[in-house]
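Here's what TrEMBL has on this protein:
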| type | residues | note |
| --- | --- | --- |
| DOMAIN | 80-153 | domain 'Cyanate lyase C-terminal' |
| ACT_SITE | ARG93 | active site |
| ACT_SITE | GLU96 | active site |
| ACT_SITE | SER119 | active site |
Amino acid sequence: METPSSNKASTVAALQAVKRKSGKTYGQIAQEAGLTNVYVAQLLRRQAQLKPETASSLRAALPDLSEELLHEMMQPPMRSYDPNIIQDPTVYRLHEAVMHFGESIKDIINEDFGDGIMSAIDFYCAVDKIKGVDGKDRVVLTFDGKYLPHTEQISEHMVSRLRK
């Protein structure tokens, strides 16, 4: 019997095989489909849901995507991660950077916006490559999330008084 986890793994394997066969990078697919490179990677790892209005542009970029895979990609995914992934040096360093800079980022968000958070739902992410001032390659990560303020929890009694 196939579990949701094994079904996801087999779907991801099939999607990654389509990408490899295409010979295209995430960036190339993204450019052709009008998406960000990270979002394309999320789609091909079943971490995001393919919207019907985007399916044709992704299919044009990856013509070997079967109808079955496209249909599967349009279902709400089981967003998850392998806890062992933290052992990968790239993922570990990214986690380390967020842990190291996290309090300062939070302070600045609170200072500039107020008491709230950056959404990971209404969120855009991209990875870019630039040359630094020293001529060496540098990684630029863009996290673009909607600001969500924490709400004050007012009792019904107080709401009634405020409406008067």
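Every residue, even glycine, has its Cβ placed from backbone N, Cα and C.
Nobody curates TrEMBL annotations by hand; they come from automatic prediction.
Around SER119 (active site), the same-chain residues at least 6 positions away in sequence with a Cβ under 8 Å from its Cβ are GLY145, LYS146, TYR147, LEU148. There are 11 other CB atoms within 10 A of the CB of ARG93 (active site), with all protein chains counted.
The average pLDDT computed for the domain 'Cyanate lyase C-terminal' (80-153) is 92.
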